[in-house]
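A.B. asks: If you scroll down you'll find the structure; I have some questions about it.
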Amino acid sequence: TRSLTITSVDQSMFEKAQGEKVTLPCTFELSEEDEGPLDIEWVLIPADNQKKEQIIIMYAVDRVYNHYYAGLTGRMQFTNLDPRSGDGSLDILNLKASDTGTYQCKVKKAPGVQSKKIQLTVLVKPARTKCSIEGSQEIGKDVTLKCVSQEGSPLLSYDWRRVSGTQNLPATSMLNKNTGELLLKNASREYSGTYNCVATNRVGTDECSVELNVTPPVNTAGIITGAIIGTLLALSVLCSIIFCFCKKHREKKYEKEVHHDIREDVPPPKSRSSTARSYIGSNRSSLGSMSPSNMEGYTKTPYSQVPSEDFERAPAQSPAFAPSKVAAPNLSRMGAVPVMIPAQSKDGSIV
């Protein structure tokens, strides 16, 4: 007895690039014994066996149902608009990396039932590949050229080539195709030039370039000496500025103290009355030391003439006092030692 048979058995694995389109084949033949309604289902089998199969699209009772799986909504359809013709193949558009998985086509028409599994792998092309240089680009140093793709499904392979000059890699170079590193040992001026890296996987390629410029060693001693001299000059200028600022600040502070501070150790100015009293005191002290031999000049000046405010007048304004006989002042009250003053009588004798 013949039954339903799936005829598309040739290819069961597909590899496609992200963004492309794939057609998963599922053609079949019906037998005379298959009299039931035609039912075609596409299911996604998860990698985890603990999870259930997920229906993504179905044809039943002359109608298509494609709203079961949100991840492929709007991106899948039956290849033939009328699957009853024997073609239940599935088209998936604008592939994504998440579409990778195992898909199963099930065809039912009672009593016949057949299924087929297809493995789909969506690969990402290498993209955003960047080239860089690691190490000192000096003569005699080791330099490493690096190449890395930011996107791309494994397995990625990297290959370097020289664009300028002889277009051959230096004899001392060592290439790691898995990591994309190109080691140039004991670099020389001849190594200078443009280098190109090509990243490749099963679905595409991407590339980048870098410019290598090997130069003589830098005179580090001269740089250090110049840096030290520059630092010392900067410090000297800074110290000069600070010194001038402090000096100016001290001068301003001194001027402020001289003009505004009150000196407590300076005595107040003498008044006229104090001047007169000092004059009397000086005369009294002079009297105490007088002797009869030097009394002649002082007897002509009466003691009653005490300096007053008129004492400080100019000689032209001072009043003339007539000599008069007055009694000797009480020296004991003045704080002076009593002294015997000789006097002359009318007959010329001293008493």
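Including glycine, each Cβ sits where the backbone N, Cα and C put it.
Sharing the feature lines straight out of TrEMBL:
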type: DOMAIN; residues: 18-121; note: domain 'Ig-like'
type: DOMAIN; residues: 126-215; note: domain 'Ig-like'
type: TRANSMEM; residues: 223-246; note: transmembrane segment
type: REGION; residues: 258-318; note: region 'Disordered'
type: COMPBIAS; residues: 258-267; note: compositional bias 'Basic and acidic residues'
type: COMPBIAS; residues: 271-307; note: compositional bias 'Polar residues'
A.B. asks: Tell me the residue counts in helix, strand and coil for the domain 'Ig-like' (18-121), as DSSP assigns them.
C.D. replies: 9 helix, 49 strand, 46 coil
A.B. asks: How does the domain 'Ig-like' (126-215) divide up by DSSP, counting helix, then strand, then coil residues?
C.D. replies: 3 helix, 51 strand, 36 coil
